[in-house]
Amino acid sequence: MNVFRLAGDMTHLSSILVLLLKIHTIKSCAGISLKTQELYALVFITRYLDIFDRFTSIYNFLMKLIFLGSSLSIVWYMRRHKAVHRSYDKDQDTFRYQFIVLPCLLLALVINHKLTFKEVMWTFSLYLEAVAILPQLVLLQRTRNIDNLTGQYVFLLGAYRALYLLNWVYRYFTEPGFVRWITWIAGLVQTLLYADFFYYYILSWKNNVKLELPA
Amino acid sequence: TADEEAKDEL
């Protein structure tokens, strides 16, 4: 494992901690898209179907458990916890699942390394993760007042993806034969989706003004 | 196996 990969994982973990902090201590999920959170839960469930029969390392195993547990608990909080649920911007969070899930599923059935259930589900999880942020970005654009924690959450998620890109560049040059087209293209698309957000996030940080995305 | 993509990342 290289430093970019570790930094990427830690950034991903931080993003989840920031979101849990907001939900657990402030009891608010204002500005957070439940659709995106449910898609992430689906991403982890379909990606880690092999959690008990393919062992790579203690680190990977524990991280998989953390990602599964945290994503499911966030969905539970937003749906079932009364105070948290009240703060949910349901009327603004209108992105439709089927526009994301169905194309990803079809693509995974067509473009994969092996036509088996687990491999197709794993490939589906990569495609789904690439676009799962879309409902959140749409919601951000509609939210007049993006609070700091929400802004930080999305920024950390984007940073995690950028660090994974660096990790792949590093591995390409240090590991002979390291080529993973499906992972790379899905990862690149995912990172590019954050470009616009990054631009306005850094601008607001530089000018020390509240983050607001143009309509 | 070789025809599956390797899975050592999260």
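Any Cβ shown, glycine's included, is placed from N, Cα and C.
Annotation comment: TrEMBL describes A:1-31 as signal peptide. The annotation transmembrane segment is assigned in TrEMBL to A:55-77, A:97-115, A:121-140, A:152-170, A:182-202.
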Mind checking which residues of the chain, 6+ beyond the ends of the transmembrane segment (A:97-115), have their Cβ under 8 Å from one of its Cβ atoms?
35, 38-39, 42, 121, 123-124, 127-128, 131-132, 134-135, 182
Positions on the same chain near the transmembrane segment (A:55-77), where near means CB under 8 A and six or more residues out:
1, 9, 12-13, 16, 19-20, 23-24, 29, 34, 37-38, 40-41, 43-45, 48, 84
